[in-house]
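Notes to accompany the following structure.
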Amino acid sequence: LPMSLLCFCALIVVVSLLSMEGQKLSCGAGPVHVVLEPDHPLLLECHLGASEPPLNVTWLRDGAVLSESQTIRPLPNRSLLISPSSTDGHAPAGVEGGYSCLSTSSTGALTSRALTLHLASLSRFLQDPEPQVVPVGGTARFECYVDGLPTPSVTWEKDQAPLPSPTEPLEPSRYISLPNGVLQILGVTKEDKGLYRCVAFNSARKRFSQEASLTVSPDHIETQSLSTQNGKPIATDVVVLATNLVIPDTRSHHAGVYVCRANKPKTRDFVSSPAELRVLAPPVIFQPPEAVSLSRGNTARFVCNSSGDPPPALRWLKNGEPVQSNARVKTQNPGVLLINQLRLDDAGYYQCIAANSLGTACATAKLSVIVREGLPSPPRHVSAIPHSSTSALLNWDPPEHNSDQIIGFSVHYQCTAGSDNMEYQFAVNNDTTELHVKELLPHTAYTFYVVAYSPMGASRPSQPVTVETLEDVPSASPQLSLLSTSPTDIRAMWLPLSSQLSRGAITRYRIDYRALEQVDHIYSVEVGGNETQVTLRDLKPNQTYQLRIVAGTRAGFSQSSEWASHHTPNLTQVLFAPTELKVRAKMHSLHVTWQPPPNHTQITGYKLSWRELDGEELPNEEKPMINERIQQIKLRKRVKHHEVTGLAPDQLYEVKVWAFNKQTEGYPAVWKGRTEKLTRDSLPPLPPISIRARANSSTSIWLRWEKPHFSNVRIINYTIRCSPAGLRNASLISYYTSSSQEIFLESLKPFTSYEIAVQSKGVDMSGPFSSTVEESTLPDRPSSPPLDMQLSVLDSYSVLVSWRPPLEPNGVILTYWILYTGNMSHPDHLWINLTHDGSVTSAEAQGLMSGTRYYFKMGACTEVGVGPYSPVKDVYTPPKKYGVYVYVKVFTLFVECMVFLRVCVQGLYYVSVVTIYLVLCSIALASLINLFNL
C-alpha cells in the first residue's frame, strides 16, 4: 500500500472511578474503591441489616481495629468520619487502606464488604506528546498519559492557549479530544502549525505536559473509514467522532470485535485494524443463602450462586471470620457450604461474599441450632484399640442421663493427619456399644467419636479418641535406577515409597543380584530404611547382572520388584571423566571449561547438562531428585568450553560434562554452585499484573494481563508457565512465549484445573513469575467408555450390568446409557436404552425374554453429551424351567388320548369326536417332545 495511506482508529470506553462524600458499607453489592478528595470529608456508614439491633460496631482498616485520630473519628450513630486534611493543612498520613465494619449482636457478628480508600493524586506525565509532521489534509495525532485519582480530565492547548473553536455555529470541530488522552486534528491546514501540550487536572492538582510541535508538509492525503462490530453495523448508542468510536456508557450488548477499515478514495487500497471489547460486570448474587433453624446433630446446607465478569471469587464468613474447612465443615463448588453434625457453637451469621476487580456482593443467612429438653448426654468411656493393619475395635458406655430413651448411636471417624479430611460414619442399634471398624489404612492414625440419638434428637459428641492401625508389609517395591561408575561396580538407586505404599515405617531394604550366566547363585545386600542407594563392588567387567529390591517394615518384606538388567562396562572401552572442570558463575550464566580425559583419542564428542537444584547444596553422595528439569546439549570433540545462559540469580545449579563415542558414554565430571546474587544495578523486570484467565473451550484458555505500572527495564516479551493444578511433576509444565499481552493456550485437557503464571523478560534478564491464577477448561464428552463392563445373568428375564467409571470422563458423569438388543445388526437408535444416574456402577436390565442371546454396550454422558460406547458383549438368558407337575399332566393327557384313540378304532364314537381327540393328542405329543428337548 502507498505510504501515504494512514488509518487512525480508536475504540474509547468511558469509565470513571467512584468518588463521593458519603458511602454506606453493607453486606450487599457495591464499589470497592473510594477517593478522599480535598475539602470533601468522607462519611462511612455501617448498614448490615441484622435482624436484631447491634450491641457494638467496630471499624477495621486492613483487618485491624481502627483507633481514633485527628483525621479519623467515630460518630455516636456508629458512622465513621474521615477528614481530607490534618490540622497542619497537609494531606492526612496513614488513612489509605481497606475499611470495613463489624457489627456484633447476641446471635453473632456480621462484617461489611471492604472499601479501599485512596487519597486524591495526580502523577507526573508518564507519556508526553511527540512532534508530528503531517501533510495538508491529513490527520495529526498527539497522545499523552497521566495517572491519577479521581480519573483526571484531559484537555489540550495550542501555543499555551485553548484550541480554536469552529468559525460557524454548526460547523463540526476539526479538533477531537478523546477521554484516553488523544488529540486528533482532522483535515490539517497550514494554520494548524504550532506547539501543542496536554493539560490534566483533577481535585488533587493540575499538570502540563511537555510541548510537541506540529509541522505541516505540502503533500495532500484523503482517507475514508468504516467501523463495524462483529461484521455488523455498530450499535446506535455508539458515538462516531470522525475516525473514532466513543462508547460513553458501556453495556453488555457492546461487547464484541470492532474493525476499523480505512480506504484510499478511488482505489481498492485499504488497511484495517481489529479491537476486541470485553464488557466487565460487578458481582451479583442471584441465589442468596437462606436462614435455617435445625436441631443439634443435623446437617446445614447453604447455597450461594453469583455472576459477574471476571467471574467472582466466592468465600464464606462466620460471624465475620473466614470459615475454616474441616471434617464437619466443607465448601463445595459452586457456592455450597455444608456443616455436618451441628453443634451449639455452629450457630451464628454466615455470609457469602463474591468479589472481582469491579466490586463486591454479599448475602447473609442466620443459622440457629435448637437443643431440646431431655436429650441424652454424650456416650462415655470411648476407647479404641488396633485390631489389625486395616481395622480397629471401638467400645463405649451408654450416656449417663436419659440412656433409656436411646434409639441408636452413630460412630464418626477420620484420618487424624494429612489432607484427607473426609469424615466417615456408621449407624448402630441402641443395644450395641462396640463396633469393629474395617477397611482402614495401615499404619494410619484415626480419630473416633460417638453420638447418641433419642426421639428428641442427638446428644453432644463424646470425647474423641485416637488410635493408630498396625503396620503391614509394603504393598509395592521401589523402582530401581542402575548405573556403573567403574567397570567393576553398579550403583543401584531408588526413591522412597509413599506412605500409602509403605504401610508402615520402612526399616530396611534388601537388594538381590545375580550374574546372568549364573541365575541360580543369588547374592543379597541389606541397607537401612533411610538409604536410597547402594553400590555393588568387585563385579566382573563386561558382564550382565540382574538386580531386584524389596522393602521391609517391622511386619515383613514386600514382594520383590521385577529383575532389572545392567551390563557393566568393558574395561578396554571405558571413557574417563574430563579433567580440570572449572565453572565461572555470573548472575545469569555459567562459563564452563574443561580438559580432555586421559584416553581422549577414543572419544567422539562431549555432552553437557545442567539443572536447577532445590534447597541447599546436596552432599557428595548424590540422591535422585524428583521433578527435576535437566537440559542437555552435545558438543564437538574440539570444543572445551560452553556458556550456559538464561539462569536465575543466586540459585543453586549442577553442571555435568562427560565424553562419549559410538559405543558408550563416559563418566561425568560434576560441578555444583550458585550464580551471583542480584545487585541493585541489575534489577529484573517486575511481573505482569491483572492476570485474567477465561476458559474458551474444553481444550483452550484465553489469558490476558497488563504491564507492570513501573519497570526499570524494557520488557521485550513474556513467558507463560502452565501446568495442571496441584501437580509437581516438571514434565507436565508447559512454557509459552508471547510478545503481546495475551495468549491463547490450546491443546489442554478437558475439565482440568490449570495453574498459570506470567513472567516479564528484558533484554538480558528475566523477572520473577507472577502469582498464579487458576482456571478450569470446560467439560466435554467423555473420551473413553466405561471400564470393565460385566454381564451377570440373574434369572431367565433379567441381567445385572456392572462397570467402572471411564478413565477420561472429561466432566461430571451425569448418566450412564446402557444399550441392548437381540439383533446386533440393528442401528443404535433401535437398541433399547436404559438410563441410570452417574453415581451408580451397576444396574439390572429386566423384562428380557428367556432363551435369548442379548448384546450389550454402554457409554457415559456428561452435560456436553455421550462419549464412545464400550465394546459389545453378549449374554444368553436361560430358558424357563418347568416343574415335575407339568411333565406329569402333559404325559397323562397324552396317555388318555392314546387310550381313547384305541376305543375310536373299535368304532364306538362318531368321526367328528375322533377328529377332535386326534388334534388334542397331537398337541399333547408336541408339548411333551418340546419339554424333553428343553
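Keep in mind that glycine also has a Cβ here, set from the backbone N, Cα and C atoms.
Per TrEMBL, signal peptide is recorded for 1-17. Sequence annotations record features per position, and here TrEMBL assigns domain 'Ig-like' to 2-116, 123-215, 282-368. Positions annotated as domain 'Fibronectin type-III' by TrEMBL: 378-472, 474-571, 577-682, 687-780, 785-880. Taken from TrEMBL, the feature transmembrane segment covers 882-901, 908-932.
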Exercise. Sort the residues of the domain 'Fibronectin type-III' (785-880) into helix, strand and coil with DSSP and give the three counts.
Key: 3 helix, 47 strand, 46 coil
Practice problem: Would you mind splitting the domain 'Fibronectin type-III' (577-682) into helix, strand and coil residue counts from DSSP? | Solution: 6 helix, 48 strand, 52 coil
Quiz prompt | Within the predicted model, mean pLDDT of the domain 'Fibronectin type-III' (378-472) | solution = 88
Quiz prompt | the domain 'Ig-like' (282-368), counted residue by residue under DSSP: helix, strand, coil | solution = 3 helix, 54 strand, 30 coil
Practice problem: Count the residues of the domain 'Fibronectin type-III' (474-571) that DSSP assigns to helix (H, G, I), to strand (E, B) and to coil, and report the three numbers in that order. | Solution: 5 helix, 41 strand, 52 coil
Exercise. Sort the residues of the domain 'Fibronectin type-III' (687-780) into helix, strand and coil with DSSP and give the three counts.
Key: 3 helix, 50 strand, 41 coil
